[in-house]
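The structure appears below as structure tokens.
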Amino acid sequence: NLSTVSEFVFVGLSDVPEIRLLLFVLFLLIYLATMAGNITLLIAISTDSHLHTPMYFFLANLSLLDLSCPTIIVPKMLGALLLEHKEISFSGCLFQHFSLIAVVGTEIFLLTVMAYDRYVAVCHPLRYPSIMSTKLCAQLAMGTWATGFLNSLLHTSLVFTLSFCGPNKIQQYYCDIPPVLALSCSSTHSRELVILLVAGVLGSGACVVTVVSYIYILLEILAGNSPGIWHKALSTCGSHLTVVCLFYGTTICTYVRPSSTYSPQWDRVVSMLYGMLTPLLNPIIYSLRNKEVKCALKRVISQLT
């Protein structure tokens, strides 16, 4: 007497109308601020010739990802808070899941490429223009997007080819891997192992490249005795290192663990960090710590006003 699930229902963040309205206003403001910050950064990078360099090219790609991530999950969440429309079709859940994992995966690989870019800038400054050519930058950017989408295709196919025939309430406000796996009436053990293996290999590989890049940067700084080298290195790498720590910390807490340790309440909090706050903070971090970006933003604002 088992029937196939045709739609899922999100468990709301709160059942109290006053709290739902407060959360709606809060998340709407965060979403609008995220859109404004990343769009402004994109405009500054595209219109200011001083920012037409490899570092800002990759930063523009990061802003595109930071626009996409909250756009995938926030509108549906706002609708659930305001209208109590918590249902999502099976195909809609699949598409949301695929898009989100693609964006998260692409951002991991993009941050790795940005770490390599910082390594070349600090350790090989004279050869930087020839190494980080326009062609190589385009190939690296395309490679990160392609790898992210292929990784998401594998994860989505492993999750959504399972049988769903029982409860359909997702203990989350969007379609994520752990809460969707928890609803399957099939055995998920083997697929969880594959997901963890693939994510572990790709994630650890990206992490190793990032760590090694910064080890070489640190060794280069320690080997040089020129005055102001620490300040120069911090201004060159500080923003990226801050973003890397923030992003890796939240995604590891969410994904790199078996589903037996899944905690809905904890995951909602952590997923808000990388799904909403990280895209909001990234343009702020790069703007506050970078004189070139601040000058470009001032020129953009002056032109608009």
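All positions are counted from 1 along the displayed chain.
Every residue, even glycine, has its Cβ placed from backbone N, Cα and C.
A quick note: this is a predicted structure, and the numbers were derived from the prediction, not measured.
Summed and averaged per residue, pLDDT over the domain 'G-protein coupled receptors family 1 profile' (37-286) gives 84. Annotated domain 'G-protein coupled receptors family 1 profile' per TrEMBL: 37-286, in sequence order.
Same-chain neighbours of the transmembrane segment (20-44): 12-14, 51, 59-60, 63-64, 66-67, 70, 74, 77-78, 81-82, 276-277, 279-280, 282-284, 286-287, 293, 296-297, 299-300, counting only residues six or more beyond its ends whose CB sits under 8 Å from a CB of the stretch. As annotated by TrEMBL, transmembrane segment applies to 20-44 (among others).
As annotated by TrEMBL, transmembrane segment applies to 56-74 (among others). Non-local neighbours of the transmembrane segment (56-74) in the same chain are 27, 30-31, 34-35, 38-39, 41-42, 45-46, 96, 99-100, 103-104, 106-107, 110-111, 113-114, 117, 137, 140-141, 144-145, 173-174, 243, 274-276, 278-279, 282-283, 286, 293; each lies 6+ residues outside the stretch with a CB under 8 Å from one of its CB atoms.
Panel annotation: around the transmembrane segment (94-116), residues 55, 58-59, 61-62, 65, 68-69, 72-73, 76, 88, 140-141, 143-145, 147-149, 151-153, 155-156, 159-160, 174-177, 180, 202-203, 206-207, 209-210, 213-214, 240, 243-244, 247-248, 251, 274-275 of the same chain, lying at least six beyond its termini, place a Cβ under 8 Å from a Cβ of the stretch. Sequence annotations record features per position, and here TrEMBL assigns transmembrane segment to 94-116 (among others).
What TrEMBL records for 136-154 (among others) is transmembrane segment.
Within the chain, the transmembrane segment (193-217) has long-range Cβ neighbours (under 8 A, six or more residues past its boundaries) at 105, 108-109, 111-112, 115-116, 118-119, 122-123, 147, 151, 154-155, 158-159, 177, 233, 237, 241, 244, 248, 252, 255-256, 258. Among the features that TrEMBL reports, transmembrane segment is placed at 193-217 (among others).
Per TrEMBL, transmembrane segment is recorded for 229-249 (among others).
The transmembrane segment annotation in TrEMBL covers 269-288 (among others).
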